[in-house]
Amino acid sequence: MGSSGLPRSGCPLQWSSATFPTTSMLLSNRPPGPPPPLEGARAWRHERARVRGAGRRGRHVTSCFFRGTWLSPQRRIFLSASPLQRLELESDPERSFAMDSAVSDPHNGSAEAGGPTNGTTRPPSTPEGIALAYGSLLLMALLPIFFGALRSVRCARGKNASDMPETITSRDAARFPIIASCTLLGLYLFFKIFSQEYINLLLSMYFFVLGILALSHTISPLMNKFFPANFPNRQYQLLFTQGSGENKEEIINYEFDTKDLVCLGLSSIVGVWYLLRKHWIANNLFGLAFSLNGVELLHLNNVSTGCILLGGLFIYDIFWVFGTNVMVTVAKSFEAPIKLVFPQDLLEKGLEADNFAMLGLGDIVIPGIFIALLLRFDISLKKNTHTYFYTSFAAYIFGLGLTIFIMHIFKHAQPALLYLVPACIGFPVLVALAKGEVTEMFSYEESNPKDPAAVTETREGTEATTSKGLEKKEK
């Protein structure tokens, strides 16, 4: 026992004034045993006074607090914080309680709960609220897939340069999970190193512009029905080229009219609403627009490419959700319309509810472009049936419903593609096996209309087929 009254071999587990005669600031008039828990501002005044204790005795007492057995979460957060974070906690004690609440109850009745956390513990969500939230997420996921697939057929047949689809090849599909992993890990490190507020500010401005354009493109066909016949509609074209003469190359060629400008103005109102309030309805409007445009404008060139893409992202989703906390952390920190959300406490709090269930847009777009491919394959068969489209659509409902069920049972975020990929690939393949059309399914090919080489190959193949047919007729 030294002059300070502290044992050299370790820290005591029983606290009393006899054990620490020189620490009356912390232990005066306190009975033996663990000290009573402190709450509110008094707890933080206590922590601040203790950490600022005089000389080596204060530092030794601090180390004993670290090695003691009764540290509260609030004390642990304060002592493990950096000096800058301690200043923030001292100026705003309520922030510590939010951190403590997030640590002690991360799910709060839902495997994917989100939204701001305050000092009070959230009441558990009601079964009706949970059912409403999950049912709404399922419905919102189905809408962009169904209508995006129908619009992808018109997009493939269209000649408007602004609506040309982007075709994904097998090489693109193989590289996509690697690129997505690097992007996800980069965002995670950015959120860990830099201030989250500045990152989300930049991302908000970026998605503000993209969201307005996507929502305008989404509502444009619908709004055209509401314009009167005598509406003064003028045509415009935005053209950027590179080079001159025969070497001139188009970079951007976007055609629009006055009706599109009206849609752009209406979409800008939603964009300002999202930018100022970050309201969940504005978030979902942008999210649905992104999903529908993705299903419409991203085309797989064949079924094999779709299997490569879905198989790679199947492994990607499982690793980043079950293997690490990276995806869940980014999803909850990323303030951008990259996910659909719906409050589980809507019945209690109305539109100001903040306990959200969420579904990433990737779980909609990735299976959606595969389902849209099967719809175009159905049309190519010219049998006036959409067997593979309806089969894959039902498979998606089954897979997403299974995801929600398991997520609710285990109270943990689930990689949706773990259930969606086997369902969306397996069901149509089984139907093809039953109908004897597996060869036709995997031989179906779509060319990229933006790729001159692909267009040339398609024309040459058509000409070769035509010449062979004429030769057979002559024989």
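Backbone N, Cα and C define each Cβ position, glycine as well.
Record features, source TrEMBL:
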REGION    23-43  region 'Disordered'
REGION    95-126  region 'Disordered'
REGION    445-475  region 'Disordered'
TRANSMEM  131-153  transmembrane segment
TRANSMEM  173-191  transmembrane segment
TRANSMEM  198-219  transmembrane segment
TRANSMEM  297-322  transmembrane segment
TRANSMEM  356-375  transmembrane segment
TRANSMEM  387-410  transmembrane segment
TRANSMEM  416-434  transmembrane segment
The transmembrane segment (297-322) in contact with the transmembrane segment (356-375), cutoff 8 A, at least 3 CB pairs, sep 6+: yes
Surrounding residues of the transmembrane segment (131-153) on its own chain - C-beta under 8 Å, 6+ positions past either end: 110, 125, 165, 221, 284, 287-288, 291-297, 299, 340, 342-344, 346-347, 356-359, 363-365, 367-368, 371-372, 375-376, 379, 389, 393, 396-397, 400-401, 404, 408
Residues of the parent chain within Cβ reach of the transmembrane segment (198-219), under 8 Å, 6 or more residues beyond its termini: 190-191, 260, 263-264, 266-268, 270-271, 274-275, 278, 285-286, 288-290, 292-293, 333-338
